[in-house]
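A.B. asks: Below, the features straight out of TrEMBL:
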type	residues	note
DOMAIN	1-91	domain 'Cytochrome oxidase subunit II transmembrane region profile'
TRANSMEM	27-51	transmembrane segment
TRANSMEM	63-87	transmembrane segment
DOMAIN	92-194	domain 'Cytochrome oxidase subunit II copper A binding'
Amino acid sequence: MATWNHILLIDSNSPLMEQLNFFHDHTLLIITLITILVGYNMLSLLTNSFINRFLLHGQLIEIIWTILPAIILLFIAFPSLRLLYLLDETNKPSLTLKSIGHQWYWSYEYSDFKNIEFDSYMIPSAELNEGDFRLLDVDNRIVLPNHTQIRLIATATDVIHSWTVPSLGVKIDATPGRLNQTNFYMNRSGLFFG
């Protein structure tokens with residue numbers, strides 16, 4: 001779980017979150033290289049005498065600074081589109097969890113089993129035990145299996161809610177009158193907050 005002094009991304013618990021971390025590192029490397037190049041050009045302007053007889057007609061440099069950013073954007077766009085496809089693809093789920101957002105609490109239903117549904121309320125600050133997280137711990141937690149494809153169906157009864165678990169790479173909006181669907185796969189067991 002992220003704390004106030006956490007600098008890096010949260011440890012991933014799903015293959016999709018690992019891919020999101022890799023994409024973040026890939027994009028950060030490209031941005032770092034662009035920043036170094038622009039910084040070098042700005043520093044070289046300080047020592048330049050601004051006189052060059054070959055820069056009067058610069059069609060070649062104009063072609064380069066038009067095509068090079070387009071190529072750089074392609075290096076960012078292709079992995080991004082692949083990741084968007086993977087995040088939206090729903091494989092054959094082994095378990096379906098229905099999550100219904102209410103004002104101040106969530107209701108959960110295990111749709112594959114009969115009559116397994118419960119409400120999950122946030123624990124008030126006055127009732128927290130030592131080591132509990134304020135505004136994150138609940139009285140009834142969801143229990144989900146590892147190494148299983150899980151489908152999450154989210155909806156709401158009153159206003160728009162957001163169901164998020166950062167270490168799984170899952171964020172879905174629960175909208176009244178609409179069923180939104182996502183899927184995830186957990187690599188390891190643990191307690192994950194969102």
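A Cβ is built for glycine as well, from the same backbone N, Cα and C atoms used for every other residue.
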A.B. asks: Going along the chain, which residues at least six beyond the ends of the transmembrane segment (63-87) come within the CB cut-off of under 8 Å?
C.D. replies: 16, 19-20, 23, 26-27, 30, 34, 169, 182
A.B. asks: Restricting to the domain 'Cytochrome oxidase subunit II copper A binding' (92-194), report the mean pLDDT as a whole number.
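C.D. replies: It averages 90.
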A.B. asks: What are the helix, strand and coil residue counts for the domain 'Cytochrome oxidase subunit II transmembrane region profile' (1-91) according to DSSP?
C.D. replies: 66 helix, 0 strand, 25 coil
A.B. asks: Please count the residues of the domain 'Cytochrome oxidase subunit II copper A binding' (92-194) that DSSP assigns to helix (H, G, I), strand (E, B) and coil.
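C.D. replies: Summed over the domain 'Cytochrome oxidase subunit II copper A binding' (92-194), the classes give 6 helix, 46 strand, 51 coil.
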